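Feature annotations, reproduced from TrEMBL:
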COMPBIAS  B:10-20  compositional bias 'Low complexity'
REGION    B:1-21  region 'Disordered'
TRANSMEM  B:37-57  transmembrane segment
TRANSMEM  B:69-87  transmembrane segment
TRANSMEM  B:94-112  transmembrane segment
TRANSMEM  B:118-141  transmembrane segment
TRANSMEM  B:148-167  transmembrane segment
TRANSMEM  B:193-217  transmembrane segment
TRANSMEM  B:237-256  transmembrane segment
TRANSMEM  B:262-280  transmembrane segment
TRANSMEM  B:292-314  transmembrane segment
TRANSMEM  B:320-338  transmembrane segment
Amino acid sequence: MTESLLDAPPQQALVLEAVSKTFPGMRALDDVSFAIHRGSFHALLGGNGSGKSTLIKILAGVYQGDPGGTIRARGESVDPQATTPAWSRRAGIRFVHQDLGVFGAMSVAENLFSGHPYPRTRIGAVGWRSMQAEAARVLARHDIDVDPRRSMADLRPAEQTLVAIARCLMDADEGGVELLVLDEPTARLPPTEVEELLAALDRYVAGGLSILYVSHRLSEVVEHADTITVLRDGRHVTTRPADGLTRAELATLIVGSRSQIAAKRATRTIGSDVVLRVEGLRSGPVHDVDLTLHAGEIVGLAGLVGSGRTHLVETIFGVHRPREGRVSLRGRPLRPGSVAAATDAGLAYVPEDRAAHSAFRSLGLDMNLSAADLHRYRRGWLRRPPELADAQADIARFAIRTPGVRAPFAQLSGGNQQKAVLARWLRRSPVALLLDEPTQGVDIGARAEIYAQIEEAVDRGTAVLLVTSDLDELLHLSDRVAVISRGRIVDEATGDRITRDWVGSRMFDAHQEES
Amino acid sequence: MTTTQAGPVADAPQASPPAQARRRGLGGRLLDQLERFGLVVLLIAVALFFTFLPATSAVFPTSANLRNVAANESILVVVALAALVPLVAERFDLSVGATVGLAAIVTGKLLTSGAAPTLVAILAGVLVGALVGLVNGIVIAHYNASSLVITLGMATLLQGVGSYLTGDTTLLGMPQSLLDFGNLQWLGIPRPVWLFVLLALAIAFVLGMTVFGRRLLAIGSNEAAARLVGMPVSRTVLLAFVVSGALAGVAGILVLARTGGASAGVGAGYTLPAVAAIFLGSTTIRPGRFTVAGTLVGVFFVAISVNGLTLAGAQDWVDPVFNGGAVVLAVAAAAILAKRRLGSAR
């Protein structure tokens, strides 16, 4: 393309050119360019970690992009490194997140006016009456059939979403709303209300509004969007009309067909004995899950964020007490809802959110490494010399780069922290190891080392349940893959049946089948 | 602006925490050392200042004065140790002062009424403290209630109970053996000082060298992570409050031994200085951590300063102003240091 997108006529609500974003150790967005037309229902698609959220955060001014490139909205061009929330508002971009940010205990009218100055009476009190009237006008303008005096919490989810949207669209000042960004607006809706919301959105678009619609639900996208943009691994895959696209084609675009990482590791002989058995588990969003892990086997658990995958793993580990069903390790049922029982029996868990759930940032590396097996050093009292010696040994064995064995954990890089968290469990030679996004936010080098550690443990007989959004990682490590969607295991495959297409189609198709 | 903030978008890549800006070079290391020993140096400087200040040089550096300060502060040291144990696990115990009072009153009553021999009465006081801690611990650990509010409520409740037990009288007439313990010396050092040194060593050992202590540290650092490695968080927190209560009980006995009596409201004044000392201490030696050594430095920094100022002729208002100011400054300093060390997210 010789002609720059910037020279295009101003019928575009937003133009992105060469937008990149680099985090320490990873490139979340790589040279992304596309445009959103005025009055378009534009879907933004991509798997977890594709860069969608990063892009949206740059548009919101929460993140700043790398220098270079351009973002243009309403005739004003900015460098992506200079986006701010104030710029975003000035550019007429508004956001409705999955978490609507509404106030359940307040009335619809108060919710509409949250973020706007309340009308005042002459003596300075809140002008409740003019507020009700104005709220009623706003609701009528957007075809929302709701009494402004009702409490927000009493509204159906679709109505709440529409009120949240109307609140954004009230900004007639500063030149009105140019682009409305909706992040998974149907994810929390019951199936019966999805169409209601989408029909309303169609009406708004027909009225001239531009919508950037982020969703995993391909059927909604195929039926309602006029344009789609697909991101994968931070790169722009395509921007094209949605006409004529099938769900299967979309799924392939999202997961890609190339296999970038080195071929799957050699197939191993897997023990025949079941070490972890999950039977009829029901807990939170998880329904009727049966799952088995054999000694020396890696089972990948594929599923979208929100599919219940993390909840399933947490329930197995005893974080939640299941409503029904049971978990047994080596044939012995685990006491439900007890992490201590699970760890004592030889279960290990590396959670997804390291900062919140596994790192003792103010304690030393040595104490982080020994946190899961303190009793090993208790002979009357805690024996520091063997504890420190073991920490030294782990630092060497797991190639943890640290200023010192007692260095505060916060001083280690993310990748080294993650290696240490893994080492914390592997030093116990767990019977089964549950991994939730074990390499998220970890650089390539540390990632390879983490893979090597996992495989070494597996060779010694540990069974692994691996939750990951990274398809390459899933395909690379898994001997068997189970796909979870809406809290149920919907399919399982081994060997050559595990392909990107299969995982992608099962993950996404299953997702919409029930919607 | 309510809609432009980024909500929790689940699949955002997580940036690694910012690489720690570890201060390098000689200047940086010097700064580190200054941070570590700043308060210790300040304590020595204050002591030297009053040693040479004409108005105080006659009295301040005498061994009699220093012994007196140490013996007087022995109560506060024990109370601070009591508050320290749960604070390591990020739980406040604001009922320590009131527990001191109740233990003193219970033991005092048993002793003055002759209902129990000295040793039994002392044991009863410590037990009452432990019992208060047990109640605090059960409510806070098992119902995950705010320690701040629960122990504040408990403090008020205990003061009421203390008033009921004493009426308007002051309990006087403690046995001579107890008074001797409070006011005589062994090897030239006041006996209460021996006691607090012993208790400080014991608590330092418990925090640093036992599984219980390590669990407290882990819970204080990241409670969710502590749960997820299988630590019994509730049981540990509960035990911390029992230890706290028992130590406050011991401090109550010390009050009787030092002052020879107890009345309603005794002990209440110890809570804030104790917390002040702990937070002051968290800025030193191992910055960012609540430690026994730091707490001792904290107690004596305030004590020496106030003692010197009093000898120099300052009025009664110095003590509360100094203590209150110390809390505010120390907590602010601790927060700033922690932020610099760990980044904004803990």
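Glycine is treated like the rest: Cβ placed from N, Cα and C.
Keep in mind that what you see is a predicted model, and the values were worked out from it rather than measured.
Beyond the transmembrane segment (B:118-141), the same-chain residues lying 6 or more positions past its ends with a Cβ under 8 Å from any Cβ of the stretch are 91, 93, 95, 99-100, 102-104, 106-107, 110-111, 147, 150-151, 154, 158, 175, 177-178, 233-235, 237-250, 252-253.
Listed by sequence, the residues of this chain that lie at least six past the ends of the transmembrane segment (B:292-314) yet keep a Cβ under 8 A from its Cβ atoms are 39-40, 42-43, 46-47, 49-50, 53, 55-56, 59-60, 65, 69, 72-73, 76-77, 80-81, 84, 200, 203-204, 207, 273, 276-286, 322-323, 326, 330.
In this chain, the transmembrane segment (B:69-87) lies in contact with the transmembrane segment (B:237-256); the count of Cβ pairs under 8 Å, excluding pairs fewer than 6 apart in sequence, is at least 3. The stretch in closest packing with the transmembrane segment (B:193-217), judged by the count of Cβ pairs under 8 Å and taken from B:37-57, B:69-87, B:148-167, B:262-280, is B:69-87. When the stretches B:94-112, B:148-167, B:262-280 are ranked by Cβ pairs under 8 Å to the transmembrane segment (B:69-87), first place goes to B:262-280. Among the listed stretches B:148-167, B:262-280, B:320-338, the one sharing the most Cβ pairs under 8 Å with the transmembrane segment (B:94-112) is B:262-280.
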